[in-house]
Structures are given as structure tokens and as C-alpha cells.
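Listed features, source Swiss-Prot:
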BINDING   ASN7, GLU391  Mg(2+) binding site
BINDING   LYS14, HIS215, LEU216, GLY217, ASN218, GLY219  ATP binding site
BINDING   ARG99  substrate binding site
ACT_SITE  ASP156  active site, proton donor/acceptor
SITE      HIS187  site 'Transition state stabilizer'
SITE      ARG248  site 'Transition state stabilizer'
Amino acid sequence: MKVLILNAGSSSQKSCLYEIPDDALLTEAPQPLWEGKVNWTQDRSVAEIEVKTAGGETLHESIYGDSRQAHVTYMLYTLSRGTTKVIGQLSEIDVVGHRVVHGGQNYRNSVIITEEVKQAIAKLSNLAPAHNPAALEGIEAIEKSLGDVPQVAVFDTGFHATLPDAAAIYPGPFEWVEQGIRRYGFHGISHQYCSARAAQILGRDLASLRIITCHLGNGCSLAAIKNGRSIDTTMGFTPLDGLMMGSRSGSIDPGIIVHLMRQSDYSAERLDYVLNKASGLRGISGVSSDLPQVIEAITQGNYRAQLAWDMYVHRLRSGIGSMLASLGGLDVLVFTAGVGEKSPGIRQAACEAFGFLGLKLDPEKNQNNPVDIDIATADSTVRVLVIHTQEDWAIAQQCWHLLNR
């Protein structure tokens, strides 16, 4: 079975092609046959296309035109044309899987995409304006290029559908619940993959483990996982809630928003920009939303950069503590995504606060670019894993299961 994956972002569209045996799902992620990416520059009419194959062929090209859908279609053509050709024709693809950030209340599981599903994704775009419209662009590009090939939507909110009401419902008027205003949670594909991978690495039954997964990238969230299910998470109604992030504020006193609207004449659009694009590491440090650049500024004595680091660590520790309370104990702590996988300093700072649990980090393992390994000491009562999140493979697995039911 040939499975094509599209993972849409606000400024990029990533894609890869897997070949999976029809009769048995592989236990570990295989190398994709082909990987493609469209990056949009500040000029919307210019797209940077990057393609590489398992055989080592690469393509870097700039293309012009106002249609993002056309740019994605061009990227897909490189699957069956030119030096990056890995299949004879696009019709060889059996199924296409899409990461869809927001599925709302109605989509708890992966589904075959229909017109009804597309309309629901579009309707939820106001809750994920940077991502749901981009997912629709990818879906429509596939319809144009591959016709009626089955397409599957895998929702980032789906894994958190098991949150108990006490964790999911906000303490506002009950009318909010009736309006669908609740904690949905995000990064669910990553949290679910990493919890299952942690159990696999440790040789343990997932249902027996109490796990906290820390997805720390430009966007950051934690999940508390018990019996293989999400029972608490830090992101909420939107991906703006929870931890301090690269350019997002995370949780703040809602009274600040009321104050700014009254005293400073902030519009909804300006608030949206400030909280999503000009806060977090970027807003506090004044340097960057990228943690390595903030760390570099710290070495040069930049006070605001140091403050940004300290706040990031404080809020991460507080979030882990909150998840710990929901679980009633902890067996495994997982770090994943760009910061989680690549920043030994953040892992060390986070773990230092939980020595009272008997958690002990192995300094050498932590510093040695760990991937899919346990970096706790042998006598630590909590296992600490660094896992390379593979959302694309997790989506491919969902596609395989749907088509083999």
C-alpha cells in the first residue's frame, strides 16, 4: 500500500510517501520513499520547493504564481516526474492522509474525507485559522491531481476527546458548553505516537503506564496519559492556551485582555496578533521565537533573554506539576519536538524540579543527542525518554487501519 501524507502549516506544506505491506503494519517507521516541502516566502506568489528521495536524489526550485494549491500540485508532480521520480504515475497512490489541526466536537476519530467533512473543517477554520484552511488546500490539490483516491483526515484534537468533563469544561457560564466552547487540546497525533513509542521502547504495556508527554516546539503542549488515554492537557479551546511558547503567550489572566480593550483600544485583530505572534520567547526576549537564538543572547549577557528562559522553564515545570497531579503519580516523562528533542538544557531544568519523585537524569546521556532512548539513571524511579516524534508515520498508520477494517 502506497500512502501519501500531507501535513499543512501556516507557511508550509510538508508531504511524504510511505510504502506499507498490505497484510501487516510495520512496528517502526520506515524511511519514506519521497519527501517534499513547499515553503512560502513573505511574497505569497513565490514558493520554495524542496524534494528528496530515499535514493538520494534532491530538488530545490522556486516557482511563481498566486495559487498555493497550484504550488502543492507542482510538488506532487515530482513524485512521478524528473530526477525525483519514485512511482510511475500518481494513480499508484492508494490513500492520502492529512493532518487536520481542529476537528471540533464531532470528529474524535480519523475519517474518510467527504464533502461533509470538508465543510466541517472549513467551519472550524475560525478556531485554527493558520492550519485548517491550509489542510483544505492540500485536500483540494489531491482532488485535482489524483481524482477520487481515498483521503483520510487525522485530527490533532482527536486524541484528547477522552478528557473528562472536569478537565475539558471551562468554569464560565454553562452556555459556553452548549456553544462548543471547551478544552479540545492539540498536538494529539504527536502525544499519542510518543506515548505508544515510549511503551514500545521500555517493553511495557501502554495501559500500565502513567505518562507525561512534553511536545516542545514553536508551539508547546503537555499531555497526561493514563491507560493509553489523554486525561489532561495544557492547550485548550485554541492552541494559544497553556505553556509559554515561541511566539504565543500561553495562559494569561483573561482580565489583561479586558483591560487592554478598555484602556488601550485593542481590536480583536490586534490582540490575536500580539498573543499569537508577538508574545512568548519572542515577546519577552526581544530577540527571537527560536530558543537557540535566545540562548545565544543569554551568553552575551542579555537580561531579557535570560528572563525569557527563566519564565519558559518556570511555566514548563508548573505545567508538568499540573499533569502530575492529574495522573496521581508518574512512570514516564517524554520530551519531543524541536526543543524537547534538541535542548538538553531545557530537559535538565525541567527534570531538576522533580527530584523529589526519585527522578534522576543521566547527564551524559542527556547531552549526547539522544533519540528514542531513556536518559534517566538506572536507579531513577521515573523513566525519562527523548523521542523523535513522527506525526507523518502516525497518520500513515491511521490510513492503513481505516482501509484495512
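Residue numbers in this text run from 1 along the chain shown.
Glycine is no exception: its Cβ is also placed from the backbone N, Cα and C atoms.
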Next on the checklist: Given a 10 Å Cβ-Cβ cut-off, pick out the one of the recorded positions ASP156, GLU391 that has the most other Cβ atoms nearby.
Outcome noted: ASP156
Item to check | Residues that sit under 8 angstroms from HIS187 (site 'Transition state stabilizer') by C-beta distance, when 6+ apart in the chain | outcome: ASP156, HIS215, GLY219, SER221, ALA223, MET235, ALA337
Next on the checklist: In the three-state scheme derived from DSSP, which category covers GLY219 (ATP binding site)?
Outcome noted: coil
Checklist entry - Using DSSP, would you call ASN7 (Mg(2+) binding site) helix, strand or coil? => result strand
Next on the checklist: With every protein chain in view, what's the tally of Cβ atoms within 10 Å of the Cβ of LEU216 (ATP binding site), excluding that atom itself?
Outcome noted: 27
Checklist entry - Within 10 Å of ARG248 (site 'Transition state stabilizer') (Cα-Cα), which of the binding-site residues ARG99, LEU216, ASN218, GLU391? => result ASN218
Next on the checklist: Looking at the binding-site residues listed here (ASN7, LYS14, LEU216, GLY217, GLU391), whose Cα lies nearest to that of ARG99 (substrate binding site)?
Outcome noted: ASN7
Checklist entry - Quick one: Cα separation, LYS14 (ATP binding site) versus GLU391 (Mg(2+) binding site), in Å? => result 11
Item to check | Three-state secondary structure, which DSSP defines for the residue listed as 'substrate binding site' | outcome: strand
Checklist entry - Hey, of LEU216, GLY217, ASN218, which of those binding-site residues are within 10 Å of ASN7 (Mg(2+) binding site), Cα to Cα? => result none
Checklist entry - Which one of the recorded positions (LYS14, ARG99, HIS215, ARG248) has its C-beta surrounded by the most other C-beta atoms within 10 angstroms? => result HIS215
Checklist outcome for this item: Spacing of the two Cα atoms, ASN218 (ATP binding site) and GLU391 (Mg(2+) binding site), in whole angstrom, works out to 16
Next on the checklist: Among the binding-site residues ASN7, ASN218, which residue has the fewest other Cβ atoms within 10 Å of its own Cβ?
Outcome noted: ASN218
Checklist outcome for this item: Within the same chain, the residues at least 6 apart in sequence whose Cβ is under 8 angstroms from that of GLY217 (ATP binding site) are GLY246, ALA337, GLY338, VAL339, GLY340
Checklist entry - To the nearest whole angstrom, what is the C-alpha distance linking GLU391 (Mg(2+) binding site) and LEU216 (ATP binding site)? => result 14
